[in-house]
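*Asks:* Annotation comment: TrEMBL describes A:106 as active site, nucleophile. The active site annotation in TrEMBL covers A:203. Per TrEMBL, substrate binding site is recorded for A:140. As annotated by TrEMBL, domain 'CobB/CobQ-like glutamine amidotransferase' applies to A:19-210.
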């Protein structure tokens, strides 16, 4: 336990927030760990006690989940988790509908949707938590991305995907791309929002440079569990400077 | 056309050297007007061509193989300039052939980047290949790590003689199953050293979670690295173990020495029959690290180590191989095209080992990303200065009397070397 966590775990802790990483063994690429680490640290910086759990294929599903975070994977990783994810569809849907905050990036964004149709026509079913569908393409969308959002201000990250996602009427986009491509090469949208789920193609990792999204997940978790959220005072000086710099880098 | 291509290419090479231009242009010229040039020239070599590829360690390993073969009296052609793509090879060839296009060498040992190696082997099938590892690097170019493994598999499939594989990297070792005609040899690690080589699949895996399936049972390796001492290493081959002094630092460099030995033994003929092991080991003990790969310079009478970090595995190995204690540390992260634009990989590296001493200076175009990364690992940060010359000057000034170490991405290293060459002796790299 780091010093910061030790303090939070002491007498003044405002309560425990349980974060579950979905399939970190098979769906963890491009620094997805950074998202889990940021949640863990910021929960402590806000004065709560973080509890970080991993859920991998075949594990018993943890109780009392407060935040879910899931990452991207390679095609091989998606195949490995596919059946297990279907078996957990019920639990995940229930949590989503109940307002549990979730962050799903890239591969798990796609699989939280209705389906992924590969270039060869094979259809990989998703779990339908999000009203989105994804189609495989030959084109790989790679590079720095800048997204304008109403909820979180400017969101910065890095995309690397060949699946292109289209949103249905049941979800709204996370934002509109100002640089980069986002969900697909047509409509200028990036990511999806549904209840307290934030879905996005952006790596970077996403949360370190976008603390507004991290704090949204933590606030929502605290409100859902304790009825209210009393924030701490994290020092975001480096995040602000890193954002300034990242926004100016070429695609 | 063919008769003119070599003199013309050599001419372009001279002109572009005079202009101080890049090393690949003459290669491009000769490739355009005479696509068969490389194949024709290289297939005449008595021992053929050996290709070295993989994510990490190509440059140092290639350097070792060359020096090992030279110790056996072979004349070796190699692409020394670090132009590890096809045109770079053609350009290097132009510098070595005579005006009639003949190459005076016994064997060619070529370092090739995974994607370019595929092009190269399609036009020049090598007699040998050495495949080092598949790690997360430049995924913004290759897409996925499994895709990178497929590139290496293609190199192996095009090889006509011996394929040398890393037994400890499951994605590389598994290539053996796909091969039919080739002889396969492995280089391996003692079990006791395995944990010092975290592979990408172990990254962030839960304690005790099963590793992805490697080979069902480990095959025997031609050369096994048994032990690593402060400046020595113990290798096992031909049923015996030998200890040799090593100038190379860092366990991963020394593991690549096992790779180089395996390839050199294949080329010279394994066993005592042809290769002279006394001279091989002597040569191995003298190999100095390649440009920026654990290179040590002297500044103000104190050592200054440059450690190139290109990907999470390389950074983790660097942190593990060069303990921070007693050293002043600087980290320089650029995101130019040659470094890769994506910064996500910094989040796959754990920086706990720097927590005790902190980091004196952060620099490079992504200095603030690095600062943010260290903040989340509770590592103390001295100064953040994106401009490399100013950061380096401050680091040297404030670290007076202390040995220093700089972890740097590729283009940051070039900038640092340029600055350092003003105050100390730095090997010039063309």
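Any Cβ shown, glycine's included, is placed from N, Cα and C.
All TrEMBL annotations are machine predictions without curation.
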*Asks:* Report, in sequence order, every one of the recorded positions (A:106, A:140, A:203) having a CB within less than 8 angstroms of a CB belonging to chain B; if no such residue exists, report 'none'.
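*Replies:* Of A:106, A:140, A:203, the entries that lie near chain B are A:140, A:203.
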*Asks:* Would you report the average pLDDT that the model assigns to the domain 'CobB/CobQ-like glutamine amidotransferase' (A:19-210)?
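*Replies:* Summing pLDDT over the domain 'CobB/CobQ-like glutamine amidotransferase' (A:19-210) and dividing by its length gives 93.
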*Asks:* Hey, of the recorded positions listed (A:106, A:140), which one tops the CB count within 10 A?
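*Replies:* In terms of Cβ crowding, the pick is A:106.
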*Asks:* My understanding is the cutoff is Cβ-Cβ under 8 Å with a sequence separation of 6 or more in the same chain; which residues meet that for residue A:203 (active site)?
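*Replies:* Those within reach of residue A:203 (active site), by Cβ under 8 Å and sequence separation of 6 or more, are A:29, A:30, A:31, A:32, A:72, A:105, A:106, A:157, A:158, A:159, A:160.
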